[in-house]
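According to TrEMBL, the feature domain 'Carbamoyl-phosphate synthase small subunit N-terminal' maps to 1-132. The region 'CPSase' feature in TrEMBL is assigned to 1-163. According to TrEMBL, the feature L-glutamine binding site maps to Ser46, Gly211, Gly213, Phe239, Gln242, Asn280, Tyr283. Look at TrEMBL and you will find Cys238 tagged as active site, nucleophile. Taken from TrEMBL, the feature active site covers His323, Glu325.
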Amino acid sequence: MQGFLTLQEGQSYQGEASSDWQKPVEGEVVFFTGMTGYQEVLTDPSYKGQIVVFTYPLIGNYGINEDDFESEEPQVNGVVMLQCADTVSHYQATISLKDYLKKWNVPFLTDVDTREITKSIRSEGTCQGALAKESVLPSDKELMGQIYQAYNPITTCHGEGKKHIVVIDFGYKSSIVEQLVEKEAKVTVIPFTNLSDVYKLNPDGIVLSNGPGDPKDATKYLAEIKEILEAYPSLGICFGHQIIALAFGADTKKLSFGHRGANHPVKDVQSGRIFITSQNHNYVVDEESLNDTVLEVSFSNVNDGSVEGLLHPSKPILSAQFHPEANPGPEDALWLIDEFLTDIPSKKGVQVYA
Ligand SMILES: NC(=O)CC[C@H](N)C(=O)O
């Protein structure tokens, strides 16, 4: 069956549709450059509502396993690939990628030159797209408020470690919680809509999670978040990093096209050390806007100079635009989670930092 991906400016790409699509499916079209990691990408809630184009030409060859899910179900609206393997070659695979996507009714298009689509996004910028059995233009409606669909409204508890960390959930990746538990933390994940629970739990530290969409979707929570940040040692990851910037009065802006892949070089501004990171974001902190805040840039992106991390000069608040928990991608930045946990003093935050 033929199917099409059509971008907002009218560029249309014909391929093989996963089924007889009755209704067009829309989403923001983004590209991911990693050679592996499709399972983590498809289930990462930060991709909520997006159509993901994989630039690597062969996707799916190691299938889907039970260990690498970032959430319980696929979060993307659609998938575009050049070739999707029918044969699964991995001892842990329980289902093929095609069967997994079909099971969850996620439309996918194959036999498309995904690098051509990527070139178009890189020159015209990220845009909406439609997957349909004919070439149909997407509506120009940008998705908004995806965090409200991505977060878990129920509080959950994980691990039994000594340090108690509250993860504020904007659509968290499981691997953030897994890393914290592995590093001997006890983790309570709370919805970002229940911030007052932080004081009831009175943890040793806070992690602000990743999440989909525009960080300004959380504007009405910023004042309360700033109070929490000033009271507890905190680490912000991706969306959480952007939220820390906004809470302290800085601004965020949308990149022309995002960073999504497993090989993004980041520089530690103080030491000059470079490490390779896993990334997935459309938005960045506007560096100039930091001038009027207390926050300092701790990491910068080697490719485009964008802000990759922030530090508070006197409080234990740090953040990363990249993903220190990796999944998918290199684990070069895992030390940031260690640093966060090590720096947490033994006394509870409120008393120490108020
Ligand atoms: N991975 C994330 O947390 C993404 C943050 C935000 N949604 C962005 O696209 O920039």
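For all residues, glycine too, the Cβ spot is worked out from N, Cα and C.
Automated prediction, rather than curation, is the source of TrEMBL annotations.
Annotated features, which come from TrEMBL, shown on the structure.
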residue	record	Cβ contacts under 8 Å, 6 or more apart
Ser46	L-glutamine binding site	Gln75, Ala150, Gly171, Lys173, Asn210, Gly211, Pro212, Cys238, Phe239, Asn280, His281
Gly213	L-glutamine binding site	Lys48, Gly49, Leu143, Met144, Gly145, Gln146, Ile147
Gln242	L-glutamine binding site	Pro215, Gly236, Thr252, Tyr283, Val284, Val285, Gln321
His323	active site	Lys173, Asn210, Ile237, Cys238, Thr277, Ser278, Gln279, Asn280, Gly329, Ala333
Glu325	active site	Lys173, Ser175, Ile176, Glu178, Gln179, Ile237, Leu334, Ile337
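Here the binding-site residues are Phe239, Tyr283, and the one ringed by the most other CB atoms within 10 angstroms is Phe239. Annotation note: Gln242 (L-glutamine binding site) sits in a helical segment as assigned by DSSP. Secondary structure from DSSP puts Ser46 (L-glutamine binding site) in a helix. Counting Cβ atoms from all protein chains shown, Asn280 (L-glutamine binding site) has 30 others lying within 10 Å of its own Cβ. Closeness to ligand 1 is met by Gly211, Tyr283, these being the recorded positions among Gly211, Tyr283, His323 whose Cβ falls under 6 Å from the molecule. Same-chain neighbours of the L-glutamine site beyond Ser46, Gly211, Gly213, Phe239, Gln242, Asn280, Tyr283, judged by a C-beta within 8 angstroms of the site's C-beta center, are, in sequence order, Phe170, Gly171, Asn210, Pro212, Asp214, Pro215, Cys238, His281, Asn282. Binding of L-glutamine is attributed in the record to Ser46, Gly211, Gly213, Phe239, Gln242, Asn280, Tyr283, and the widest Cα separation among these residues amounts to 13 Å. Residues in the domain 'Carbamoyl-phosphate synthase small subunit N-terminal' (1-132) partition by DSSP class (helix H, G, I; strand E, B; coil) as 27 helix, 43 strand, 62 coil. Just so you know, the Cβ of Gly211 (L-glutamine binding site) picks up 29 other Cβ atoms within 10 Å once every protein chain is counted. Every protein chain shown contributes to the tally, and the Cβ of Cys238 (active site, nucleophile) ends up with 28 other Cβ atoms within 10 Å.
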